Ligand code: ADP
């Protein structure tokens, strides 16, 4: 399907509402010849940052970039500057992160006009995310119409959830008419991390049950049985579940009626409150876990309470997913907070010794960017830290799809 036998590279594009992140990955030698982002699209002070191949170093420039089309053009220019342009014969495909794939897309999908139309039909359930993804796809296709382009969906990994986990207990007709159900997000990360965790345990993914805790600015938990997701904490949108940087996570839905009826807030006010002014930032004014820990060390009470609320919710999900899985081989921490915050990991499993969960203080304190165990050797359940790599997973899935039938590829694991 790819044009050239030497086409070993995949460009991964992650188009957000005001930014485009990109990485060029070589699936043959495991290198990343370009990593960069365009941010503040639509403002006067848009910024492009590109880290090129070894030796080329980092370039940065600021200036107005009016829209996503111009942003992708800027990405193409950056790549071309290092001889890696979109017309390069090494480029096998472009892999696009697409946030919402609904029920339709349970696997990476080669983008055609029909597929794009289907992704557009999902805009009502993902109004904040899918439009930017769609613009990114359209622009990239216009730049290289002949190149295979693949959509990799954040929701795909969760499509294996049984119906009793995915359905909300509301009127079935209303739910179906408006496609209201649990879809889950961060699926690319949950897929990658659960697979790497199995490797770390020296087992096949089919042999292990793991609880993955993806704790970034957005945060979600998933229960993965034998490599397949059976439950996850985010729902129709990424608002449900864990306490996040700026999002509330689980809340009594009646709070929203109350805010409208009693506090006189509009729909948009409530949306902004729960998505942007809640979570850690709403509780203590900071959403960076480093800053929260620093304030706790100084005796700050609101930071301490925010931390306790964050960890309490995390612990509830560990318990819930333990019960869902019945047997757990590993609890795995990932993303900014999960990979870096030893106090969060320690507090999340504190008191769960009866469940076989223990953290070794020395191992937990080690800072590293490789997958590792932080539980003692004798622990019944492993506690692990596995750095996530959504770009690699998108590239891997994209390359597997377009490179199907070509042997000996995809070594960049
Ligand atoms: P995003 O959801 O934006 O992709 P990341 O996975 O990059 O988020 O996580 C960002 C968050 O990780 C920050 O807001 C911060 O709370 C946390 N974080 C990053 N580095 C550290 C660190 N060294 N110690 C504790 N927390 C950290």
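In case you wondered, yes, glycine gets a Cβ from its N, Cα and C as well.
Note that this is a predicted model, so its numbers are computed, not measured.
According to TrEMBL, the protein carries these features:
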type: ACT_SITE; residues: 154; note: active site, proton donor/acceptor
type: BINDING; residues: 21, 214, 215, 216, 217, 218, 288, 289, 290, 336, 337, 338, 339, 340; note: ATP binding site
type: BINDING; residues: 97; note: substrate binding site
type: SITE; residues: 186; note: site 'Transition state stabilizer'
type: SITE; residues: 247; note: site 'Transition state stabilizer'
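Considering only the binding-site residues 21, 217, 288, 337, residue 247 (site 'Transition state stabilizer') has 217 as its nearest partner by CA-CA distance. A Cα-Cα distance of 5 Å separates residue 154 (active site, proton donor/acceptor) from residue 186 (site 'Transition state stabilizer').
Residue density at residue 217 (ATP binding site): 17 other Cβ atoms are found within 10 A of its Cβ, drawing on all protein chains shown.
Of all the Cβ atoms in the protein chains shown, 27 others lie within 10 Å of the Cβ of residue 215 (ATP binding site). Residues 217, 288, 290, 337, taken from the recorded positions 154, 217, 288, 290, 337, 339, are distinguished by a CB atom under 6 angstroms from ligand 1.
The separation of the residue listed as 'substrate binding site' from residue 217 (ATP binding site), Cα to Cα, is 18 Å. The CA atom of residue 21 (ATP binding site) is located 10 Å away from the CA atom of the residue listed as 'substrate binding site'. Each of the recorded positions 97, 186, 247, 290 was scored by how many other Cβ atoms lie within 10 Å of its Cβ, and the smallest score goes to 290. Here the C-alpha separation of residue 290 (ATP binding site) and the residue listed as 'substrate binding site' works out to 28 Å. Counting other CB atoms no more than 10 Å from each candidate's CB, the recorded positions 154, 288, 339 peak at 154. Max Cα-Cα distance over the annotated ATP binders (21, 214, 215, 216, 217, 218, 288, 289, 290, 336, 337, 338, 339, 340) is 24 Å.
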